[in-house]
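In TrEMBL this protein carries:
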type	residues	note
COMPBIAS	A:558-600	compositional bias 'Acidic residues'
COMPBIAS	A:612-646	compositional bias 'Basic and acidic residues'
COMPBIAS	A:654-673	compositional bias 'Acidic residues'
DOMAIN	A:57-135	domain 'YdbS-like PH'
DOMAIN	A:238-317	domain 'YdbS-like PH'
DOMAIN	A:389-470	domain 'YdbS-like PH'
REGION	A:136-155	region 'Disordered'
REGION	A:558-680	region 'Disordered'
TRANSMEM	A:12-30	transmembrane segment
TRANSMEM	A:36-55	transmembrane segment
TRANSMEM	A:184-203	transmembrane segment
TRANSMEM	A:209-235	transmembrane segment
TRANSMEM	A:344-363	transmembrane segment
Amino acid sequence: MKLAPQSVPYRALQRGLGFAVLAFFILNASDAGGTGLTVAVAAGIVLVALAYEAAYYQRFEYVLTEDTFDISSGVISRREREIPYRRIQNVDVSRNVVQRALGIAAVDLETAGGSATEGSIRYVTVAEATRLQRELQRRKSGANGSPGELDEHGEPVAPTEEDLFAITPGELALVGALSFDGRLIGLLAFLGSGSVPVLSGFIPTASAAILTATAIVAVGLLFLASWVLGAAIAFSNYYGFRLSRAGDELRYERGLFRRYSGSIPTEKVQTLTIADNPAKRALGYASLSIETAGYAPGQGGDQGSQAAVPIARTDRVYDLAREVEPFGEPSFHRPPRRIRWRYVFRYTMVVAALTGILFAVDWWTAGAIPWYGPLLLLLAVPPAAHLKWKHRGYWLGEDHLLTRNGFWSRQVKVVPYYRIQNVIDTRTIFQRRWYVATVVADTAGTGSLMGSNAAAVDFDIDEAVTLRRELNDRLQDALIDRRARRTAFEWFEGDPMEIYGASADAGTDSAADAGTGSVVDVDADDVVIDDAEADPAVGAALDADDMAGTDRFAGIDGVEDVVDAEGVDDTTDVADAEEGDDGMDAADAEEGDDADDLDIPPDGVIRPDFSVSDRDYSQPAERVDTGDYAVDRHPSDADVPFRPDDESSSGGADGDDDDTEHDEASADDDATPGDDRSGR
Amino acid sequence: MTTQRLHPRVRIVWVVRAIVFAGLFTLPFVAGFYLGYLPEWAPTVAGGVLLVIGVVHALLRYRRWSYEIREDELYLDRGVITQVRTTVPLVRIQHVDSRRGPIERAVGLASCVVYTAGSRGADVRIPGLTPDGANDLRGELKRLAIRADGEDAV
């Protein structure tokens, strides 16, 4: 599909204007010619820009294919990019005032890889932007294994949108009142630094009193201006903020002049942060931000997280957070009380250092500075230490780790165990003196690049070690939980009746001959491949030259080789092909009655059948959806043992057990098909 | 797998590195001396102190370093001044590199870098491996990562 035609003049102006102005200035400055020449050059630049943008428009094309979103673009150097739907983390649409007048919108697609926006479409019509957003969402959930919601005719229905949060005028006013934009001060300081010599010329003539008064007034005005500016920016940013849930994604909308709207799949949420400060706490307000792996939305810009609730009543914030990640009622566990002495010590050192510096200055300048002034701060040390201790803590919920830190800007972080990337336990030399440690649960959220990971700080070493183990265990449990659901789900990929029926036709004898061992492998491999596709980790691990290594290892293990290796290969292909071609239908069918009255053959095994497809299985699968990662093109060659017990289970007995488990798991899960989707 | 120590020769790598750093950080002192701002002994003392600190740190670092491949995680214990213990669940491993720096090549060692999607412990380096050991470790980790069957590693 093409961009909106209106985007051509807009882009040309956007691009050409800067050059034109630059050329104007250069020509004016150099007095190279009259106004006529200047105008001609500017017009020429605009024309060139128009031509370029027309060509850009001509060459830019995007297509929604079966399972990828393809963008081909570029005038001089061409680029074809395919973004698998399931890799898309966020879809954002933004429109500024001019774009709104022209009826166009910018669409940005974010994936977890890379820092830049992976798919940026500038610009399409507003209707098309909305359609893209919805369509991508629908296909994304389809690609993730759960079929997009379909009505009885198999047509996609838009999931009902349920409002979670809408900013009230009072809250908006509060956001404005609490916003302060420091950039103006920075700018003035920057400009001012250049003008100091100029100003100093006037200074001696004025009296000290007037100077001081002027300075105070100027600084006051500056702060007032910064505050008004901050309020205005916050007001225009968060005007009409609305957060809603549609199916398994969150949608937000905000902005007065520049409208932003976007979607975040709840599946991709990495961390929730609930932040407040003493003032907000006293008034009963807090703010919430949602981090995904693509980026914390809007991080590229200066407005902070786009899906952040800037301010709301604390209970509303918690309700909303629970809506996204149901973490229950936290009761935080504080560090040991003795740790307050550590903070007392630390703050005393700071006060001592301050006093020392002032004393040195005093001594050096021989002035009469009251260098002992900071010693008054010592009075504040004990309460500060107590407060610091009081606001630290962590809590292990059913599925989430919650940590809390900070008094002045307190942050409660909610990390689902399933999202933990690694657990880091650090003890500085000072912490060791107090026999405490810090445990950090690292996630893939980009917000944590600023070092604000979920951390349980200053806990007793024994407790920290337990916590570290606990987090790892809970992550493993969460993974197993996920895997059980997923495995069961993938098992019924394709139409079960068709598979069984055809398999029975094809010959039960051969099936019996193949034996249980091969069945287990079929099952296992099925899972490996499906997951590899869904999974950047394995995907990335499987880079092409490493693949050889895998083969080698598999060869040494020799598990698959013992059993019928070819059978395994073929099966993976089938799973693959099915996923590509009729994954949606199959998954849809699975929801129906078919699965319920599926009778299991005597040997308890449902076999895929190769005869129903006209694919040539001697060839590798044509294309494997692996995202941006370089992954083996021939996944059917990957004879990788899947479970730890595979190494020992080439015999029949183990295999049998495994298989039964799988069937049970599948059956269980199938009884409640909704779980898989609505769960998270 | 039981707890693994690094190859003893890694101490050479770290000591050489400490010497290089001590040399680099002594340069300003040398310059100060030549320009006449600092007394003659300043560069020597600064260099000596830096060298001693660096070498002692390198040796202590070797004593502290250990790693272990556990059932479903990679566990690293290291750090002299700040002790760091990292657990990387095998499921979360994105990819594994083995690399060899110039000093490492000179003493015949290699290291292995494990990448995850995490923001803070995004890459974990295990130094002081023999080249074969590094390759084996890489292969082993990769095999385990695949077996651990990560789904959404993000």
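The backbone N, Cα and C atoms fix where each Cβ goes, and this holds for glycine too.
When DSSP labels each residue, the domain 'YdbS-like PH' (A:389-470) comes out as 25 helix, 37 strand, 20 coil, counted as helix, strand and coil in that order. Beyond the transmembrane segment (A:36-55), the same-chain residues lying 6 or more positions past its ends with a Cβ under 8 Å from any Cβ of the stretch are 7-9, 11-13, 15-17, 19-20, 23-24, 27-28, 75. As a summary of secondary structure, the domain 'YdbS-like PH' (A:238-317) carries 14 helix, 39 strand, 27 coil according to DSSP. Secondary structure of the domain 'YdbS-like PH' (A:57-135) per DSSP (helix as H, G, I; strand as E, B; remaining residues coil): 22 helix, 39 strand, 18 coil. The domain 'YdbS-like PH' (A:57-135) scores a mean pLDDT of 84 in the predicted structure.
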